[in-house]
Amino acid sequence: NRWLRCKSLPPGALERIADTVADRVRVPWFAGAVKINVSLVPPLVLLPVFLHVAALHFLLGLVILTSLPVVVLWYYYLTHRRKERTLFFLSLGLFSLGYMYYVFLQEVVPQGHVGYSQVVALTCGLILMLAALSRAKKDPGYLPIPASDEKSSHQGLPNNSFRGSSNGLHGITTSGAASGRAVNGEAKGYSRMSAEEPEGVKKDWCTKCQLVRPARAGHCRLCGRCVRRLDHHCVWINSCVGEQNHQAFILALSFFMLTSVYGITLTLHTVCRGRTPFVALFYCPGAYSDYSSALSFTCVWYCAIVTAGMGYILLIQLLNISYNVTEREARLALRDNTGRRLLGGLVIDTGQYNRGFLCNWGHFLSLGSSPPQRSAEDVV
């Protein structure tokens, strides 16, 4: 009614409408209606529609394939600013894999230029990538939450023992810690504990989880948990990347890159005969001669855009591992101006844990090999 009369809506009206619609989207089931996460629906509906429309004409494909990354980035920054968890990116990634595989089998393989062994190799790569992704979705290394009685005892302490901030991450000192702007789930003004470990490594106190965090651990504001050797919260797997799943995360990215590049190469060899894949990607005159080839060529460009984005993420991860720095530590070093920009700013070397290329990779490959030792401070 207000919209029809061109009147402004009261504050929070759109959010309440969206919550009501999300609550009403349910699927009938034997044990009762099952609530469907609304963020799962758009990729399942819009991706096939957009790709089929883009295959109708070259200009439509150019407009749609240019707009899709912009829309995805806009939605990412929107949810990141609101500190919300969403299944949109995980749904988009998994459905994109399934739909690209379906188009490959339905449109590319029947043309007779792809052999049986090549289809098997592509399928095996897809299965290995999904297996690594499943492992990456498991426990990233969450720190155990103290018992309820211990939490209540901590919460019963006077308020002046802690200083508040935008996400509640601070240390305990005699004078208190200044609050600050949150960066990647960390507060700017948190301080260290005055007591040190025997090895000389200081620990932090997290007021959200009510526990002492070991070195390199961090609190994720989206998951609401502290994670050992927290690297970052990945929206594509809707989980944190930490000590226990970092290797699986790198493995999943690597399998995705290999499988995607292989599938793109096979499709371009079929659609654009007689040209190298790189040349065919930019110059393929017969791609829009029929709708099947146009759809395959459009999906190739969609895969190329996604592969380029994931390749950049993988490159940053490999560089960070080579310098033994996590994404969280790099962002904190940039904020505090304590790190060095190397390789044109692709990596931020904090110098704190860098022990050389071989030692750094040896340390990464040994992550999660032995259960973490809990000190007396962790128990207390």
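Every residue, even glycine, has its Cβ placed from backbone N, Cα and C.
The annotation transmembrane segment is assigned in TrEMBL to 49-75, 87-104, 116-133, 248-271, 291-315. Among the features that TrEMBL reports, domain 'Palmitoyltransferase DHHC' is placed at 202-330.
Using DSSP to sort the residues of the domain 'Palmitoyltransferase DHHC' (202-330) gives these counts of helix, strand and coil: 72 helix, 19 strand, 38 coil. In the predicted model, the domain 'Palmitoyltransferase DHHC' (202-330) has a mean pLDDT of 92.
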